[in-house]
Amino acid sequence: MADVANLEQAFERITVTDENDDQLVTTTTYHKSKGSLSTAVSLAGLSSSASAANRMKLPLQKLATANSAKIINAKVTLPSQAAQNRSSDEIPAHGHRRTLTESALYFNPSSPKQWHLGMFEIGKPLGKGKFGRVYLAKERATGFVCALKVLHKSELQQGGVEKQVRREIEIQSHLTHPNILKLFGHFHDSKRVFLILEFAGKGELYKHLRREQRFPEWKAAQYIAQMAAALKYLHKKHVMHRDIKPENILVGIHGEIKISDFGWSVHAPNNRRKTMCGTLDYLPPEMLRGGKENYYSEKVDLWSLGVLTYEFLVGEAPFEDTQVMTQRKITRGEYTVPEFVSLEAKDLIKKLLVLDPEKRIALEDIEKHPWILKHCQKGERAYNRATGGKFRDSSDRDS
Ligand code: ATP
Ligand code: MG
């Protein structure tokens with residue numbers, strides 16, 4: 001209950017400014033306001049091919065947003081969310097309950113709601129991205145808790161990413177899966193675009209990984225199984241994500257993962273795409289090669305899943321090095337797996353990090369892989385069984 005109070009506090013004494021104000025929360029007053037909101041939004045690091053060094057810097061800045069931690073780590077089931085936690089059409093593949101399914105936000109099949117800022121109470125900032133800030137928010141009418149991402153149109157324009165954002169909205173709003181961050185809706189005023197997102201109660205997976213250094217095999221396997229389930233869903237819809245990495249994965253209140261950031265994803269009905277995008281460490285060889293060979297399909301996500309599996313288990317990406325060396329290692333598929341990684345896990349990594357995209361293990365076969373089966377039986381969390389059904393993860397241990 002104390003946690004609920006904590007979260008409720010996050011909404012206290014907050015005034016939302018509307019359309020005419022420059023900033024969403026310029027009149028916000030925080031009682032524990034250590035991190036006041038700066039108005040400047042950095043456009044630095046805009047380049048899509050961020051170097052390894054770039055990648056390392058970002059999370060440190062993110063970790064410094066201390067006042068979001070309170071909310072993120074709060075183990076809450078808000079009354080509004082409890083009502084929304086009932087299961088629905090899709091049974092999650094790996095035992096994590098589906099959340100937020102019957103919300104007013106979500107469940108509006110016939111008449112899409114006309115959203116505006118006044119319908120939300122704005123809470124604490126949850127984080128800051130390249131083009132905007134994300135706030136905890138609550139729909140006034142229902143008390144439904146969500147995350148509101150605020151993007152400034154002028155900055156999107158300057159960054160030349162309007163198209164990309166439009167694509168992100170278009171794609172993400174059609175996706176409904178327990179391991180994919182739900183986009184409930186969007187609206188805009190003259191200056192800003194607002195995205196109404198599912199609130200991922202346990203924050204960024206990247207932070208969890210950095211805190212724990214590397215995940216135990218059971219946890220890595222369960223995360224990878226959830227990733228595979230989400231990718232299977234995406235690929236069936238002919239969507240490839242193309243930017244799979246820990247920074248783009250959030251963690252839900254029950255410790256389940258939520259893929260976010262569809263900025264680089266693309267609808268691929270039949271054709272193969274040729275754009276360069278994503279972070280170097282996670283780029284598959286076919287995306288690095290120039291010329292005729294530089295085509296790729298949704299198999300790019302399988303390579304990235306291999307990199308992710310490795311990073312979960314080892315604590316760093318397999319090809320991490322200088323930019324030139326990383327590129328060289330990727331095109332040759334050169335990496336070594338430390339001794340402490342189990343043979344089963346090594347085997348899955350080997351079957352994902354295959355130079356020839358067509359020869360990578362299929363998503364259906366990942367589900368049946370011995371390493372996954374060992375740690376995620378019958379769609380139930382092995383760990384969950386072992387602890388008598390109590391959901392636990394690292395952040396539980398920390399608090
Ligand atoms: P980029 O601009 O490259 O997408 P980013 O992913 O960090 O960077 P945002 O997606 O704008 O940027 O999110 C900023 C931060 O806010 C995230 O890193 C995360 O900590 C937090 N955040 C974003 N969305 C949510 C959410 N739905 N629930 C909880 N926290 C969130
Ligand atoms: Mg993001």
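Note that Cβ sites are derived from N, Cα and C of the backbone, with glycine treated the same way.
TrEMBL: automatically predicted annotations, no manual curation.
What you see is a predicted model, and the numbers here were worked out from it, not measured in a lab.
For 120-372, the entry in TrEMBL reads domain 'Protein kinase'.
The number of other Cβ atoms within 10 Å of the Cβ belonging to D261 (ATP binding site), over all protein chains shown, comes to 18. Look at TrEMBL and you will find K130, K149, E198, F199, A200, E247, N248, D261 tagged as ATP binding site.
Cβ neighbour count for D243 (active site, proton acceptor): 23 (other Cβ atoms within 10 Å of its Cβ, all protein chains included). The DSSP secondary structure for D243 (active site, proton acceptor) is coil. If you look up TrEMBL, you'll see D243 marked as active site, proton acceptor.
Sequence annotations record features per position, and here TrEMBL assigns SUMO2 cross-link to K245.
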**Prompt:** With respect to ligand 1, which members of the recorded positions D243, K245, D261 satisfy a Cβ distance under 6 angstroms to one of its atoms?
**Reply:** D261
**Prompt:** K149, E198, A200, K245, E247, D261: which of these recorded positions put a Cβ within less than 6 Å of any ligand 2 atom?
**Reply:** D261
**Prompt:** Helix, strand or coil at A200 (ATP binding site), per DSSP?
**Reply:** coil
**Prompt:** In DSSP terms, helix, strand or coil for D261 (ATP binding site)?
**Reply:** coil
